[in-house]
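Below is one structure, written out as structure tokens, with a few remarks after it.
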Amino acid sequence: MTKKIIFTGGGTAGHVTLNLILIPKFIKDGWEVHYIGDDKGIEHQEIKKSGLDVTFHAIATGKLRRYFSWQNLLDIFKVGFGVMQSLFIIARLRPKALFSKGGFVSVPPVIAARLLGVPAFIHESDLSMGLANRIAYRFATTMYTTFEQEQTLAKLKHVGAVTKVTGPGSRSVTSKQLEAVLEYFDPNLKTLLFIGGSAGARVFNRFITDHPELKEDFNIINISGDPSLNELSWHLYRVDYVTDLYQPLMEMADLVVTRGGSNTLFELLAMRKLQLIIPLGKEASRGDQLENAHYFTTRGYAEQLLEQELTLPHFQEKVREVFAKQSDYLSAMKSSSELQSPESFYQLLSADISSATKEN
């Protein structure tokens, strides 16, 4: 009988990336893979784009808000309907396990899995749990965490950051597209790379547009998320989205200016890239990026600049500070033991699934 596993998670790329890393490993080992998500969400787009042999099952999903809104009443019914749909899907498929990467869409499948006696494994990327994972934790078999947690909860298992990004200098920059970029860059200048999430990138895009004088002192790479900004000109390369070019562009950068999303932060740690973190504040998020940034700065991996302090003089001062202490940051990153390869995490997850199914 073919072993089956269900993945869930979505809403943002960060809630899909790890799933896309793990799914090929399960397929290679003969598993039949299914995915529960929102058919209008990024998870559906990414699964289709991947070309992986995965059956996608769409469910209703509602946003879980931390504040009062009349929409909460409607979304309670959506979540409830999503649980009913998930119960039907999971009961029909009878999988050995469910793996969740979080996001609002993941809550109904995790609840349904628990009700049907299917082991549910969750991964939390941030220093503190989001609301979806706080709810899902109650129904989970195990929650894997990227960060060391101060709270001691029975079902938590710290595994570090799972990243497929390889170490520094492991790829050569040889593509024609990159060669074209290098023709516009000055080899005598430092290269800054700006990268933010879908919403977080807008502040960086505006900052670069408002301060063309940056190009006098630096080569600028701007991963903008906005195709209307695409440009290759004197000391400036703006591109909306990258896949194969992601790590080569990172290798080109002397310093990466980023938001505080944990996936990107740990990828930069794996590559030992100098980082200036400008996290989303509490007015635009639940404050998880501020916590992530604090974690990285206190361990000597990066420098932080708050968004409300993002002026050209402050930015230039912080950049100078990072370069002045470059050896300290690189030494701290080199001695870090917070990373785990996808293969080792897959082996751990497989062993935990086997153990949980034997107990059942």
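Each residue's number is its place along the chain shown, starting with 1.
Cβ atoms here come from the backbone N, Cα and C positions, even for glycine.
Feature annotation from Swiss-Prot assigns UDP-N-acetyl-alpha-D-glucosamine binding site to T12, A13, G14, S198, Q289. With a cut-off of 8 Å between CB atoms and residues at least 6 apart in sequence, the same chain places S125, G197, G261, S262, N263 near G14 (UDP-N-acetyl-alpha-D-glucosamine binding site), listed in sequence order.
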Of the binding-site residues listed (T12, Q289), the greatest number of other CB atoms within 10 A surrounds the CB of Q289
